[in-house]
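Encoded as structure tokens, here's the structure I'll be asking about.
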Amino acid sequence: MIRIGHGFDVHAFGEDRPLIIGGVEVPYHTGFIAHSDGDVALHALTDAILGAAALGDIGKLFPDTDMQYKNADSRGLLREAFRQVQEKGYKIGNVDITIIAQAPKMRPHIDAMRAKIAEDIQCDIEQVNVKATTTEKLGFTGRQEGIACEAVALLIRQ
């Protein structure tokens, strides 16, 4: 059986902390306002794999009202979500992530993001695609107020 899931996340800029996207620290003058580390790419991907396995969403599994997830490393959240997906008998077919940001530029960091994601979801790097786009200076991402991200995941029954 093949199952597909979709995820979406958005965070505003505004915290004095590192900007983490796709498990990689991206040099920028500000970080995200978020309960965890705010990694929009990994949050969207976590939602996509949970959705594909009918396991709910990131907020159900890791509620932002629970202090144990305060400043949590999103790579750990993704790994735990993937562990639960594996328990249901699924492996990754492929994942595709689109980061929507006017700034900072993602291109120099995409290969590192792909490698970390592949490690976390136990698949080959060729099964992980990460790309970035802008909104041509339109909307909140265009005004550089934050970043949005979409992800899709294809799961295959093992």
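A Cβ is built for glycine as well, from the same backbone N, Cα and C atoms used for every other residue.
From Swiss-Prot, for reference:
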- 9-11, 35-36, 57-59, 62-66, 133-136, F140, R143: 4-CDP-2-C-methyl-D-erythritol 2-phosphate binding site (BINDING)
- D9, H11, H43: divalent metal cation binding site (BINDING)
- H35: site 'Transition state stabilizer' (SITE)
- T134: site 'Transition state stabilizer' (SITE)
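What's the neighbourhood like for these features in this structure?
For T134 (site 'Transition state stabilizer'), the same-chain residues that are 6 or more apart in sequence and have a Cβ closer than 8 Å to its Cβ are I100, A101, Q102, T141, G142.
Here H11 (divalent metal cation binding site) comes close to F32, I33, A34, G38, V40, G146, I147: these same-chain residues lie at least six apart in sequence, with C-beta atoms under 8 angstroms from its C-beta.
Within 10 Å of the C-beta of H35 (4-CDP-2-C-methyl-D-erythritol 2-phosphate binding site) we count 17 further C-beta atoms, all protein chains included.
Under the three-state DSSP scheme, T134 (site 'Transition state stabilizer') falls in the coil class.
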Between D66 (4-CDP-2-C-methyl-D-erythritol 2-phosphate binding site) and H43 (divalent metal cation binding site), how far is it from one CA atom to the other, in Å?
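Pair distance, Cα basis, whole Å: 16 Å.
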Which state, by DSSP, holds D66 (4-CDP-2-C-methyl-D-erythritol 2-phosphate binding site): helix, strand or coil?
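Where D66 (4-CDP-2-C-methyl-D-erythritol 2-phosphate binding site) sits, the three-state DSSP reduction gives coil.
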A 10 Å Cβ contact count, applied to the binding-site residues D9, D66: which residue has the minimum?
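Selected from the binding-site residues D9, D66 on minimum Cβ neighbours within 10 Å: D66.
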Quick check for the class: what is the C-alpha distance, in angstrom and rounded, between R143 (4-CDP-2-C-methyl-D-erythritol 2-phosphate binding site) and H43 (divalent metal cation binding site)?
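The Cα atom of R143 (4-CDP-2-C-methyl-D-erythritol 2-phosphate binding site) is 22 Å away from the Cα atom of H43 (divalent metal cation binding site).
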Give me the CA-CA distance between I58 (4-CDP-2-C-methyl-D-erythritol 2-phosphate binding site) and H43 (divalent metal cation binding site), in Å, as a whole number.
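If we compare the Cα positions of I58 (4-CDP-2-C-methyl-D-erythritol 2-phosphate binding site) and H43 (divalent metal cation binding site), the gap is 7 Å.
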